[in-house]
Amino acid sequence: MPDATLPACFLGLLALTSACYFQNCPKGGKRAMSDLELRQCLPCGPGGKGRCFGPSICCGDELGCFVGTAEALRCQEENYLPSPCQSGQKPCGSGGRCAAAGICCNDESCVTEPECREGASFLRRARASDRSNATLLDGPSGALLLRLVQLAGAPEPAEPAQPGVY
């Protein structure tokens, strides 16, 4: 009888603990993730004007990207939320999304990406919901200003982003 108690206890313990081992498992298990709709990632950065792209990456059109800084600390909260999220306008690079003008980020790093530098249409789409900004330029004057800013910009390095503000 005592010889059967140990295996029975082991099987009982195994049955109780064979659930999902990840900290933020969705309801219904890991395979139910594909059924969930993606939500927008948490706001971050100064004034909440950015969006989280990873546990230590916060990017916004007006801000650029913060990688591994205090502005990106809020992004660690995404690890504890049960549903997946997605930030950025369009896909770029290898599994990344356009985070700011000319910057492509995935959940681990950011790189400069020419395909994320669409010009005025990118900025206008990203800010279309921001009606509180009375200085938003549209039309020919906005296009001219954007072109001047692009011409004044220095060539960007093709190396991966290092921790800091970009």
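Heads up, the Cβ atoms here are built off N, Cα and C, so glycines get one too.
CYS92 is paired in Swiss-Prot with CYS104, the candidate among CYS104, CYS105 named as its disulfide partner.
The disulfide entry in Swiss-Prot for CYS52 points, among CYS20, CYS25, CYS75, to CYS75. Of the listed cysteines CYS58, CYS59, Swiss-Prot assigns the disulfide bond with CYS44 to CYS58.
Looking at the candidates CYS65, CYS85, CYS116, Swiss-Prot gives CYS116 as the cysteine bonded to CYS98 by a disulfide. Looking at the candidates CYS85, CYS105, CYS110, Swiss-Prot gives CYS85 as the cysteine bonded to CYS41 by a disulfide. In terms of local Cβ density within 10 Å, CYS65 ranks first among the disulfide-bonded residues CYS65, CYS85.
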